[in-house]
Structure formats: C-alpha cells, structure tokens
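Asker: Let me give you the structure first, and then I'll get to my questions.
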Amino acid sequence: MATPPKRFCPSPSTSSEGTRIKKISIEGNIAAGKSTFVNILKQASEDWEVVPEPVARWCNVQSTQEEFEELTTSQKSGGNVLQMMYEKPERWSFTFQSYACLSRIRAQLASLNGKLKDAEKPVLFFERSVYSDRYIFASNLYESDCMNETEWTIYQDWHDWMNSQFGQSLELDGIIYLRATPEKCLNRIYLRGRNEEQGIPLEYLEKLHYKHESWLLHRTLKTSFDYLQEVPVLTLDVNEDFKDKHESLVEKVKEFLSTL
C-alpha cells in the first residue's frame, strides 16, 4: 500500500502570484446539489475555479464545457459505463469505479495548470475527490457484493499506487459537505431526470448517506490517508432549495476559506 502522509501538509501548487492554490472538495450524496453548488461558486469569484465530475466521459456524451476536447478511446467505443454499472452492478462496478477515479484524477490534475495560475487568492473546488471514490462509492459496492474480494483488493492496490504517483498534487485543504436526507436526494434524482439514475433505490442512497455521515460528520471512517483526519470540514444543510440563497452560501464558503 502507498505510504500515507503523516501530517496535514497540502501540496505546494502555486499561482504565478506566488500564492498556493487552496484545494477544496465538494462532497455529498447523489443529487444532493453538488453541480448546482459548484456553478454558484464558479460565478462568485474570478479567483475561484471548479472541476466538475467528468460524468460526460462516463456516459460517452461531450458536455458543452468539454466540446474542445477530443474523445478518449473508451468514449469512441460507445460505452455508457455509468448506465452499464447501474444495470448490471455485479458485472460492471469494478470497471466503472476504476474509470471514474482515473477520469477524475486526469481532470483534476489538468485544472492545476488552468486560469488560476494568474489568480491572487486561488481556490480550486473539486466536485468530489479520489477519497470519496474509494471510501464511499467503491467500498459500498464491495460491501453490497457488487465487487468480489479479488476486484476489491485490486482496486485498493491500484488506488494506492495512483495516489502515490499523483496524490500529493491533489491533497485537500478543506472539504465542504452538502448534507441532505436520502429521501430528498431521491426526489432530486427524479426531478433532474438523468436516465442512468432513474432506477436507483432509496436503500442505495441510505447506505451512501451513512458513509458520508461517518466520514465527514462523525469523523469515524478510517482511511489509509492519515492527513484526512485533520482536514477541516464545512457542513451545509441543503435539504431546502438553495438556488435563491447564493449570497448566504458564498459568504459561508468565504468565511470557511479564511480559516484555512
């Protein structure tokens, strides 16, 4: 296994102004409101940038933000690995989780060389992290018998190695936890109408909610990355629609950032 950091020591990524780029992960259940939230943050400051989840790559659909990018080999094959995972989780969970993490690492690393290089007080917001990939979603699939013992062992070994190679550049300064009930998330799944997600049962969301609570609220979830225990967490209750509460949310985020 990769040797985890022994203390909280974020990576030294800096802007051209000489200011270290703060890296914040936005975490939460499926349909908690992460995409809406990161769009609010993106518009709040020129010194802030967001890295959305690469859902388009998982679905073989180029989003408007990524029209300039060439299709990867896996996209050209025409596979919707997200839909495949939901339809046959025992067959495709290992494949999906491996590719989800790989595409996330690629997107987040690429963002470090983006517009924030010229920012005065740069902050980079990730929509989820490599840690929730493993300790929330992949582990839940393993515990639900959608990954067998061999697949889970290989996934953990692969995840450890990937983080030993690239993880220092992606280490977090803080986490924002968008907290919503599983019932509210299920309702939002129906409302946003993403075809691949329409068969998700409440029980699945409840399991993910429990893991998020253990990790970010109670801080009892154990990981291989010691420094995560010291990363500050801002918890925001998002059960209510927050589309009309932009200013309040942004102020809470600014206050949180000032403490980091």
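For all residues, glycine too, the Cβ spot is worked out from N, Cα and C.
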Asker: Looking at Swiss-Prot, GLU53, TYR86, GLN97, ARG128, ASP133 are annotated for substrate. Which of GLU171, GLU183, GLU197 sits in that same site?
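Answerer: So the substrate site in Swiss-Prot includes GLU53, TYR86, GLN97, ARG128, ASP133 plus, from the candidates GLU171, GLU183, GLU197, GLU197.
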Asker: Quickly, which of SER13, SER74 does Swiss-Prot have down as phosphoserine? Just give the residue.
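Answerer: Of the listed residues, Swiss-Prot records phosphoserine for SER74.
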Asker: Distance between ALA31 (ATP binding site) and GLU127 (active site, proton acceptor) at the Cα atoms, whole Å?
Answerer: 12
Asker: For GLU197 (substrate binding site), which DSSP three-state class applies?
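Answerer: For GLU197 (substrate binding site) - judged by DSSP and reduced to three states - the answer is helix.
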Asker: Inside 10 Å of the Cβ of ARG188 (ATP binding site), count up the other Cβ atoms and send me the figure.
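Answerer: The answer is 19.
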Asker: Of GLY28, LYS34, LEU191, which binding-site residues are close to ARG128 (substrate binding site), meaning a Cα within 10 Å of its Cα?
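Answerer: Checking each Cα against ARG128 (substrate binding site), the hits are GLY28, LYS34.
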